[in-house]
Amino acid sequence: MATSLGSNTYNRQNWEDADFPILCQTCLGENPYIRMTKEKYGKECKICARPFTVFRWCPGTRMRFKKTEVCQTCSKMKNVCQTCLLDLEYGLPIQVRDTGLSVKDEVPRSDVNKEYYTQNMEREIANTDGTRPVGQLGKAPSSSDMLLKLARTTPYYKRNRPHICSFWVKGECKRGEECPYRHEKPTDPDDPLADQNIKDRYYGINDPVANKLLMRASTMPRLDPPEDKSISTLYIGGLGDTVTDGDLKSHFYQFGEIRTITIVQRQQCAFIQFATRQAAEMAAEKSFNKLIINGRRLTVKWGRSQAARGKDGAKDGVSEMGTPLDPVPGLPGALPPPPSLDEEAPANYFNLDPSSSSAIMNIALPPPPGINPPPPGYGPPMFHPMGHMAPPVPPPMTMRPPGTIHYPSQDPQRMGAHSAHGSRPTE
């Protein structure tokens with residue numbers, strides 16, 4: 001920006017002149033020896049619109065050049081990097097950090113109020129050593145479990161890669177390997193991460209990256225205290241043979257007075273009962289999903305009363321944490337309960353439809369070839385009605401008409417014999 005003698009010098013004393021930028025480790029790059037260009041009053045801050053000193057550098061080989069986007073005053077007010085506007089301590093967006101610390105720091109949007117607010121913050125920053133944040137962020141608690149779980153522990157240098165070559169996407173790039181841009185397929189334009197705004201990032205509203213991280217934080221497992229206020233016992237699982245009573249006591253005594261510690265060697269678990277419910281809740285909050293003793297990661301859960309344990313044992317398809325379990329495919333379903341003694345179950349052994357007709361057709365099959373049919377009156381009836389009672393019993397032997405009993409094995413034609421005339425015997 002031009003700063004000639006004839007230009008308007010109103011409020012020029014508030015223009016920023018710095019010797020070194022405020023950057024995070026990711027934006028600075030992995031190379032400790034870099035060269036920067038410094039342009040005094042080079043651009044306006046994208047937040048407060050005041051001229052500031054712009055720094056430009058290359059964070060590494062095959063990386064794109066980066067520069068500072070906001071002034072140092074706006075950076076110190078939010079404790080963020082001047083380039084990526086992510087928190088300097090956790091490496092997270094401002095919206096995620098303020099949500100985790102329960103901070104509501106509303107920066108004015110209008111020009112007059114913004115300038116007045118910035119001057120007050122500059123005065124407050126001048127009274128500090130510059131190592132701690134100011135404003136509402138300086139009064140917030142020092143840490144948060146959610147932020148510690150979401151924070152990056154190592155720099156993410158892939159964020160410094162060059163942008164995608166638009167000519168390569170159209171098939172018109174002629175530089176080949178010498179092209180400083182990436183030759184990759186672009187992401188889906190409908191992806192929310194493809195539409196990011198620097199002001200939304202700074203003010204902590206409508207940030208798609210922050211929304212994605214908050215959605216991930218909402219799905220993380222958590223340990224909710226039970227509704228029964230009389231429960232002050234914690235279950236510690238996965239002890240193994242290396243964790244002793246003294247190890248547990250040396251870790252949990254910091255949260256409050258311990259009444260008893262019971263170790264069950266057979267199950268490799270322990271039950272720690274605190275004197276107060278408040279101490280038990282603090283121990284569960286500080287130890288859940290991050291308790292490591294003697295190199296072993298231990299499981300922390302709330303203890304259950306005997307009444308609740310009996311109720312939970314009667315539930316089917318529910319885990320110990322209360323989450324529903326998915327059914328295993330291929331297993332048979334649950335059997336129906338047996339009928340009571342006072343209710344007599346019908347003897348329907350063939351699964352017949354009770355609404356069907358009671359008359360059942362009994363069709364006699366023809367005899368095999370070579371066997372004479374039985375004489376009339378001796379064979380089974382072609383049809384017989386079935387009422388509500390069983391089929392009629394055949395008459396006893398004494399009631400049958402006199403005559404020679406015919407057996408299929410006594411048939412002379414079946415035995416291979418022929419009559420004297422060489423013809424079949426007539427009946």
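From the backbone N, Cα and C atoms, a Cβ is placed for every residue, glycine too.
As annotated by TrEMBL, domain 'C3H1-type' applies to 159-186. Among the features that TrEMBL reports, zinc finger is placed at 159-186. Sequence annotations record features per position, and here TrEMBL assigns domain 'RRM' to 232-305. What TrEMBL lists as region 'Disordered' is 304-335, 392-427. According to TrEMBL, the feature compositional bias 'Basic and acidic residues' maps to 309-318. TrEMBL lists 326-335 with the feature compositional bias 'Pro residues'.
Mean pLDDT for the domain 'RRM' (232-305) in the predicted structure: 89. Broken down by DSSP into helix, strand and coil, the domain 'C3H1-type' (159-186) contains 9 helix, 2 strand, 17 coil.
Helix, strand and coil counts under DSSP for the domain 'RRM' (232-305) come to 22 helix, 28 strand, 24 coil.
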